[in-house]
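Peer 1: The following feature annotations were taken from TrEMBL:
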- 9-58: domain 'Anaphase-promoting complex subunit 4-like WD40' (DOMAIN)
- 3-44: repeat 'WD' (REPEAT)
- 45-78: repeat 'WD' (REPEAT)
Amino acid sequence: LPLGKDPPAVTSLSFNHNGKLLAAAATDGMIHMFDMSAGQQVTGWPAHDSAISSIRFGPDETSIFSLGTDGNIFEWSLHNQGKILWSRNCSRFCNPENSSDWKHEMALDADGRRLLVTSSSTSAPIYQVQGQMSGMRTLSHSGSITTVDWHPTLPIFLTGVCWVGMGVEGVVLESAMSCNGIAVVPCWGTGGSMT
């Protein structure tokens, strides 16, 4: 798929739910959208002043999330190109000086309400999308969090540490049990009930 004359390096890719659209993020801070059946770029816009580290479609396919190497996270409207719907700055977790050996990534839960980001720290931030809550964190690990993902149907997520292993943690950290080196923490809603 062409990115034009003298193309930038592609840093992250994401298909939409049916594979008809492909979003490509690049070192020039641009988001490029491709129609896979036509094999052509259909749109693109400048999203960050820095390179983009990670890009993900929102669960309802009306928005796309981008994480810049400067630590800025944006949710972009796909109906109103270039319009920012939500943003957060996670630069205190995504310090490029402390994570030069790997790029940061992010993961959305199945509902698109919570966003988990890798971290140069020993815990990763969890942000409430479209809400005011931010800065909630995962359990502490013994090293930087280098990969994250949400379970597709359950309210749990995975965090991977560079050299220690993986932890499975819930969104709100109420209780934990250990299982072969993997911490399993259920996600509790308000009132102590499982969500």
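Quick reminder: no glycine exception, Cβ is built from N, Cα and C everywhere.
TrEMBL labels come from automatic prediction, so no person has curated them.
Predicted, not measured: the structure shown is a model, and the values here were computed from it.
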Peer 1: Just to confirm my parser: what is the rounded mean pLDDT across the domain 'Anaphase-promoting complex subunit 4-like WD40' (9-58)?
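Peer 2: Within the domain 'Anaphase-promoting complex subunit 4-like WD40' (9-58), the model's average pLDDT equals 94.
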Peer 1: In the same chain, which residue numbers or ranges, 6 or more beyond the ends of the repeat 'WD' (45-78), come under 8 angstroms Cβ to Cβ?
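Peer 2: Non-local partners: 11-17, 21, 23-31, 84-96, 103-108, 110-112, 115, 117, 127, 129.
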